[in-house]
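First the structure, in the form of structure tokens, and then the observations on it.
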Amino acid sequence: MALQDRAAGLRRATRATMLEKPCCDPVEDAGDVAVRGEVPRVALVGNPNVGKSTLFNALTGARQHVGNWPGKTVHVARGTWRPEPTAYTDGLTLIDLPGTYSLVPRSPDEELTRDLLVDHGLDGRPEVVVVTVDAANLARNLYFLSQVLDTGVPVVVALTMVDVARARGLKVSAESLADALGTPVVAVLPHQGQGLDDLAEAVCAMLADPRPPRPADLGSALEEETAALTSLVAVGLGERYAPRWLALALLCGEPVPTVPEGLREQAREAGRRLLPADPESAAPESAAPDSTATDSPDRPADLGELPEDDPETLVAEARYAWAHRVLAAAVDRRAADRPTLTDRVDRVLTSRWLGIPVFLAVMWGVFTATTTLAVPLQDGLQALLDGPVNRAATAVLEAVHAPGWLSGLVLNGLVGGVGQLLTFVPLMAIMFVLLALLEDSGYMARAAFVVDRVMRLIGLPGRAFLPLIVGFGCNVPALAGTRILAHRGHRLLVGMLIPYVTCSARLTVYVLLASVFFGSRAGTAVFAMYVLSILLVIGIGRLLRRVLFRDLADEPLVLELPPYRRPTARVVGMQSWQKLNAFLRTAGGVIVATVAAVWLLSAIPLGGGQGGFGKVPLEHSVFGGTARTIAPAFEPAGFGDWHSSASLITGFVAKEAVVSTMAQTYEVQQPGDNHHAGSLGTALRSTFERTSHGHTVPAVLAFMVFLLAYTPCMATLAAQRAEIGTRLTMLGTGIQLAVAWLLAVTVYQIGALLW
Amino acid sequence: MRLRDCAPGDRLTLRRLRVRAGERLRLLELGFVPGALLHVIARGATGGLLVGLGDARVALDGATAGALLVEPDVAR
């Protein structure tokens, strides 16, 4: 009871803040002339991926705004719909509510959709709802519609995907559907703009003469109990909730705040009356499956105690039975019962023998594209910056007689930083386009299905494979790739694991060190780094799951597979551009600022007499001083020397810069080919021999391990911040540094005993 | 018989769902209700099952497919 009161209190509080701030409605903020309350509200609801948002965009055009619903952290798009000709000269406020499969919410988004339909105490409730119904998947969409009909809010059905259904041999008639439902039905093709005027007419007619919809007929037994419960709840709670919805919710045992216990008990009793009275008749049937279920290794043993039937199942059954009756009346499916092209393709692409090879081939393609395909583009951008941009900047700086420090800052700091950022742009663009292609074509869902079992070993869904694989090329697009994961917890976990995937920039350093120190066994040493990287992902993943993501449930795979389709250039282009734009905005500043900061530190002399600003040798700059200060921390790992720590500091900014920093610290030429290190190799050998007191091999291995496990680069941090937030990024960085240091020390200390 | 033990091409009627409450509702909402007609489209590479449920196609992992009890659909 106390809990319920608290919930009610919270609700009241939320409502109060909403009333205080009527300005929250952004549509009116935007200078709409309408007085609040006079513009009718129309909500769009429906299953995910049925063209709901496309319809919203087609109806509102540019007159829309995405923002949090007042008092909630749920993103809702609202816009002004100006249908013509109409009595509503100020247009209608159209609310695009989050897509959902049912009115039993599983997330705050779905909760908002339900509350706006059933809770009469909420502000901003729609006068009419437009339910988008997918003609190509009618049964499931009608199931959801049947729940919306229970809320009593006037309904207009927008029938989408009629063309897709027709291509599959399903002829869906809007007229027969309207007759069967007793609700206006308008077929729409939002992409082509078809049916929008008819939809406007139906909605305006409904607004002018609002009629509660005819609820779905759930069969005599269920209807009788529902009617009795409806009249019971209508007495005290009818003001607050839609009565029929509440009756059915209570019958199914859903938690609804402020409902007295007495009513709940009556609902439970009604539920018991509906279940088959004779338990013995069900017993022999359930005996055999019981024995098989308990000896099944991948199911908990308590399943034998689950009820065979419950009111929830009965209601779902009744809703689907109704949906099939409606279907039979409205759909001609004579041509539809042959296997579709999608089915035939799936038989190959998900099969036992070809599923994994096809998946690996696709992943290889993504990997290749994000690595090799990006290189010429990156080189082109780099050449543009080094050549024309640099020359132009130099010319401008000379023309204004800029002092030496300013030229240095602009040319090395700013242009260098922007250059660093721009090298990621082709990578990210390719990654986003591939993501959109895989999603839009329908293959992504299949890939998740194919490798589901493999990824489950580390407690992640099948889709997590893609970002992790891409990480071997570059961590930055890999982080962007975490967006394919539907569950936020999974996104955060994978986002924290990606830095441990060894990227190709780290490979260049491994190759240099391994060829200097390990000679013919260089390949083995580099391979060991890849094995260690995979072990780290698995190990840290299991650890984080146990410590940080304990509530991350091991959900079974129940995944609806969309039909394969040709991705449209418009959708792919738009999605990719939006994501690239967001990346540049969130990550751009951080990357440029860090590169400029490192340049500044290396240009400022430490103490006097070492040369002026920008002319100081690295050893005597603030940067060199910092490297010397942190060097002792690496003594237990066998590489406590400022040359090593300096390269690790630049490695924090970008692993590509590690080798060049090493060369700079020794004031030698950076080797053109990392396999032949030349004078840098000689210098490195003498340093590591000195710092490790002769245990060179374990010290170098420790250095490589540290390089593998600590923060990959500034761009990764920036991308991480964009995907998983500042707090987790900082926590992740701390864990990386700790893990890297501990591993390096362990490798060196144990290694020193052996070599 | 369990859905997991069925072969591609089999046409079946769903009889019972032997799954936990939260999971059960999700399956019910997707249309896995007693009496629903299913057909097996393909068996996945790692033990899952791809089934047709009306006009929808749903991928299930092996464990879930093992918890759905079915009967051969003789009418079709």
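Cβ atoms are placed via backbone N, Cα and C, with glycine included.
Annotated compositional bias 'Low complexity' per TrEMBL: A:277-294, in sequence order.
As annotated by TrEMBL, domain 'FeoB-type G' applies to A:39-209.
If you look up TrEMBL, you'll see A:277-310 marked as region 'Disordered'.
Using a Cβ-Cβ cut-off under 8 Å and counting only residues 6 or more beyond its ends in the same chain, the transmembrane segment (A:353-375) has close neighbours at 426-427, 430-431, 434, 438, 443, 447, 450-451, 465-466, 469-470, 472-474, 477, 504. Under the heading transmembrane segment, TrEMBL lists A:353-375 (among others).
Taken from TrEMBL, the feature transmembrane segment applies to A:421-438 (among others).
Summarising the annotation, TrEMBL assigns transmembrane segment to A:492-518 (among others).
TrEMBL lists A:524-544 (among others) with the feature transmembrane segment.
What TrEMBL lists as transmembrane segment is A:582-604 (among others).
Residues or ranges marked as transmembrane segment by TrEMBL: A:699-719 (among others).
Only residues 6 or more beyond the boundaries of the transmembrane segment (A:731-751), in the same chain, are considered here, and those with a CB under 8 A from a CB of the stretch are 495-496, 499-500, 536, 540, 633-634, 636-639, 692, 695, 697-699, 701-703, 705-706, 708-711, 717, 720, 724. As annotated by TrEMBL, transmembrane segment applies to A:731-751 (among others).
Two recorded stretches are said to be in contact when at least 3 C-beta pairs lie under 8 angstroms, sequence spacing 6 or more; the transmembrane segment (A:582-604) and the transmembrane segment (A:699-719) meet this definition.
Counting same-chain residues at least six beyond the ends of the transmembrane segment (A:421-438), those with a Cβ under 8 angstroms from any Cβ of the stretch are 362, 366, 369-370, 373-374, 377-378, 381-382, 385, 444, 447, 466, 470, 473-474, 476-478, 480-481, 483-484, 567, 571-572, 575-576, 579-580, 583-584, 587-588, 591-592, 715.
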